[in-house]
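Annotated features in TrEMBL:
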ACT_SITE  E312  active site, proton acceptor
ACT_SITE  Y398  active site, proton donor
BINDING   Q145, C146, Q147, P282, Y283, G284, G285, M286, E287, R585, M586, K587  peptide binding site
BINDING   H311, H315, E334  Zn(2+) binding site
DOMAIN    485-627  domain 'Peptidase M1 leukotriene A4 hydrolase/aminopeptidase C-terminal'
Amino acid sequence: MSFHPQFIPQSAHIDRDPATLSNYLAIVTKHIDLNWTIDWDKQVFGGSATLRLEAKEDDVKEVVLDSSYLDINKVEVDGEVAEYKLGETIEIMGEGLTVILPKSVSKGASISVKITYSTTSQCTAVGWLTPQQTKSGKHPYLYSQCQAIHARSMLPCQDTPAVKATYGAKVRSGRGLEVLMSALRKDTVDLGDGVTEFIYDQPVGIPSYLIAIGAGELTYKPFDKLSGRNWNTGCWTEPGNMDAAYWEFHKDTANFVATAEDLASEYKFGVYDVLFLPESFPYGGMENSCLTFATPTIIAGDRSQVDVVAHEISHSWFGNGIGCASWRHFWLNEGWTTYLERLIIRATHGEQARQLSFTVGRRGLVDDLARLEPRFQRLVAEYKDYEDPDEGYSQVPYEKGANFLYYLEQTVGGLEVFLPYMKDYVKTFEGYAITTEQWRGHLFHYFGSLKNGEEVVRKLGKVDWDEWLHGDGGDLCVDIKYDDTLSKACYDLAERWNCARESEDFSSFSPQDVENFSTTQKVIMLDRLETYPPFSPKAVSALDKVYSLSSTGNAEIALRFFEIALKSSADYAEKAAEWVVSKGRMKFCRPVFRLLNEQAPELAKKTFMEHAGFYHPIARKMIAKDLGLKVE
């Protein structure tokens, strides 16, 4: 199907992103050149950022960029020193950096703005680790996490998903440490005195939150290249983790990329590498272009967490390819990505495995909906001006979004009908940032343009769009049923434990109960146990002894056990506290700290304050808020 100009974003009908101070609707960034030197002693980096911008309207007199805790030294416009001013600090948003243009710019004209600056100790994007916080204990380490609005603390930019720009970087570092970025490495130059310059190029336009850096004692190992594919895959990690990381992911990663490529379109980033970060990384994975950042907790030793990489790979088409025009439409990134992730699971393990993944996701969705205020229960979230998008972070855009797409798949007639539409959606919008209305407009146009498509359009017309997109509540507005072939045994075992909850004798349970369960099935069994009233401390202890749950190396299973245990009593509080201080991923640390705070508030607060420095600034802020604390 041909490209449809009516679906290309125009400023007139894009939602204004309330989480940026920039004037991106008047003048937009097309390319960024970064020139940085890392100062490991002061834990800052600086140099310059040069932005090439194009006016989107006539008579543009200024450029307003987002900045946060940056030390601005000089601003130049087209090579000449220019006047600038920093606005007042707005909490979370930072300061607007207004560059006064020497002459107004007409629509379509381009200018270059160079800002000489450095980051500061208050940078919220970058986590700096001491040697003691790394695997070998020999060298410092740094990594960035810019999503949602933290790129502005690393460089002055139009920090909104609505703007996609290419970028290049020259980064200098001493101490013989590697520097990685979310781009293609073009060269390394030995500058002498132990300093190396790393040169990168990202020729695909990406939003600011995908600009990423990681540096430290790192080593690389490529995965096997697939015949007929125009890209390479591999993994970066600290040397002490390489054997485990390579074994865990070399078998599936390239196949996942190939499967996604067959389902959607050609993979356009050239390289798909995974950087396994230290334990303090706050997310399971971050889809930085060319270089996914991943938590080491997914190196489980049994390949049970490889689906995290399938998810991040899927972002190459949804989020990194087609983006959302503002954080209100974040579900277009995460819902589509989760949907494609499960299609990869289907292609790899079969339809029943996809159904099982939906089952697990639905449980996480219901848990999150129970704690969210109504505006964040909606698929199209409602943010206030200058509100941190992280405030609404939950499983809603992921799971409600993926379930909505699955519901539409069923509505239009199944995968045979839906997959060609998905390919056309990717073809139509790749490289653009869009709104929910643009997505829906294309959906109806696509099916309406097909021969005999009237029947599908009629079915789509019966969908309760307002309820799906703007409705709140504790579950999906449609009770979608999933195939229970793989989940029934999990539910049956959970029910056996529920029936035995008052028993003094748990000898009828044994490790053989779960010996044929996959990790996902164990998760489903534990999720079902959580839906029952709290178990007695004796039953919880028996559950642990029979299945060795509190000592498992699989963080997904340990998390669920500690949730069950802490809802029962404080018996496992000390053990949970010991576990959580090495888990920087917010999916794990936040719920455990919240439950610890209910059962043993003094222990929860003491544990957090003693280990606050371990957590990335984003996680540190959110945990402190959960516990009612303030941290610097």
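Using the three backbone atoms N, Cα and C, a Cβ is placed for every residue, glycine included.
According to DSSP, the domain 'Peptidase M1 leukotriene A4 hydrolase/aminopeptidase C-terminal' (485-627) comprises 101 helix, 0 strand, 42 coil. Comparing the Cα of H311 (Zn(2+) binding site) with the Cα of every entry in Q145, Y283, E287, these being the binding-site residues, the smallest distance points to E287.
In sequence order, A125, G127, A212, F281, P282, Y283, M286, F293, H616, I618 constitute the residues six or more apart from Q145 (peptide binding site) in its chain with CB-CB distances below 8 Å. Secondary structure at E287 (peptide binding site), as computed by DSSP, is coil. In the three-state DSSP reading, H315 (Zn(2+) binding site) counts as coil. Just so you know, the Cβ of Y283 (peptide binding site) picks up 22 other Cβ atoms within 10 Å once every protein chain is counted. For the domain 'Peptidase M1 leukotriene A4 hydrolase/aminopeptidase C-terminal' (485-627), the mean pLDDT of the prediction comes to 96. In the three-state DSSP assignment, the secondary structure recorded for Q147 (peptide binding site) is coil. The Cβ of E334 (Zn(2+) binding site) has F318, G319, P397, Y398, G401 as same-chain neighbours under 8 Å, each 6 or more residues away in sequence. Sequence-distant contacts (6 or more apart, same chain, Cβ under 8 Å) of E287 (peptide binding site) comprise L210, E312, H315, S316, G319, N320, T337.
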